[in-house]
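Engineer: Input: one structure, supplied below.
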Amino acid sequence: MQTRQLLALALAVAATEAAHQGFNYGNTKSDGSAKSQSDFAAEFSTAKNLVGTSGFTSARLYTMIQGGTSATPISAIPAAIAEDTSLLLGIWASGGNVANEIAALKAAIAQYGADFGKHVVGISVGSEDLYRNSVDGVKSKAGLGANPDDLVSYIHQVREAIAGTSLSGAPIGHVDTWTAWVNGSNSAVIDACDWLGFDGYPYFQNTMPNSISDAKALFDESVAKTQAVAKGKEVWITETGWPVSGKTENLAVANTANAKAYWDQVGCPLFGNTNTWWYILQDADPVTPNPSFGIVGSTLSTTPLFDLSCSAVSSSSAVPSATAAATAASGAGASGSQTSGFATAAAGSSSAAKPTFSVGKGPNGSYNGTYPGSWNSTRPGANGGSSGSSGSSGSSGSSGSSGSSGSGASGHSSSTGSSSFPSSTNLLSNSASGLSGSLFGAVAAVFVALAAL
């Protein structure tokens, strides 16, 4: 009887431990017009029923604020509740609007209560604010950023806002580029977070070999470097993708064949194993941007522009191993050398044209430095160096002024597979290879319990 109960428990725990998979959703369309609740509902329904997939049932938001308003809660919330879509909430942390963001968060909690709480998988305080605040971000005119100390303060404010509410158990993190994460002067943000969000686009790494055949290696390397400084905290993949159309970036060609290859090589190993929010379901309504990353075209449809099935794709190497993360740490300036600016960014790199569309900007048109938003390919997140480069730290800690030079990245390896049984997580962390939100930890824990009978 004990065995049956434990197996039942395994299934129950596995169900709760399944990694979230979804897309990023801005509060406006590509022409800057605000999305309505029905717009969000249609997108969420489409994502759940995409042909060739098991369904993308999670949504990452950039802001808590409805487009065109100052502090009204975003209408994606009631749409998500109606469509049973989980939410990675976003607090826009640049430009001095945090008070309104938190006000909208509190209003949403009061309005939607327990239904809201059970759909929230996490809260991201900020999106690439550290990159935008770096020397390279300022050079690229990526928009307003935020200092590490400010982000830490905002994280604490959000914790206070959700204490004792239906969202009290929501893990809080921050989303940024890997070069921001490995910059030692930003380590206080890592300390304040429950998880780290990773944004990366090999397509834009145009100062190095970045053909589609290079893409997975570039992606894995940058994730490993992020894991190496994460201090054992989970690294969630909050943005990545490959464009279906648009200009060529060095060796990176935007077309559906390459978008499919990137989906197979990078996406499929992640889906179901690591919390992942892909960029993007649709970005061509009503205007098609250059480049365009949408997996559906200008008309919302459950039939994608390319085959999304992963059945024939290996699920191995969902995230880089702990060994790879440790190696990345040693090659990313872990010795503690200090430099001014990102030493891993290619000197004199050429900049690409900035996209003109607005999907994914902050509330009411403020820039999001990650693609989408104000983009320049000289950004360190696009042009970081390969393994073995020295001195990954030292971006400015203030908006392009006299900011401090940070120390090199510390060589922490990350063990991110979580489960309801901490002892099994520790025992099996090497085998799990750091799979964030994986079924592995839950099932393995039950087998450990069975072995002890």
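All positions are counted from 1 along the displayed chain.
Any Cβ shown, glycine's included, is placed from N, Cα and C.
Feature list, courtesy of Swiss-Prot:
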- Glu128: active site, proton donor (ACT_SITE)
- Asn183: N-linked glycosylation site (CARBOHYD)
- Glu239: active site, nucleophile (ACT_SITE)
- Asn364: N-linked glycosylation site (CARBOHYD)
- Asn368: N-linked glycosylation site (CARBOHYD)
- 370-423: region 'Disordered' (REGION)
- Asn376: N-linked glycosylation site (CARBOHYD)
- Asn430: GPI-anchor amidated asparagine (LIPID)
Engineer: Which one of these active-site residues has the most other Cβ atoms within 10 Å of its own Cβ: Glu128, Glu239?
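Structural biologist: Buried the deepest by this measure is Glu128.
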Engineer: Enter the number of other CB atoms within 10 angstroms of the CB of Asn183 (N-linked glycosylation site).
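Structural biologist: A count of 32.
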Engineer: Report, in whole Å, the straight Cα-to-Cα distance of Glu128 (active site, proton donor) from Glu239 (active site, nucleophile).
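Structural biologist: So the alpha carbons of Glu239 (active site, nucleophile) and Glu128 (active site, proton donor) sit roughly 11 Å from each other.
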Engineer: Using C-alpha atoms only, work out the spacing between the residue listed as 'active site, proton donor' and Asn183 (N-linked glycosylation site) and round it to an integer in Å.
Structural biologist: 13
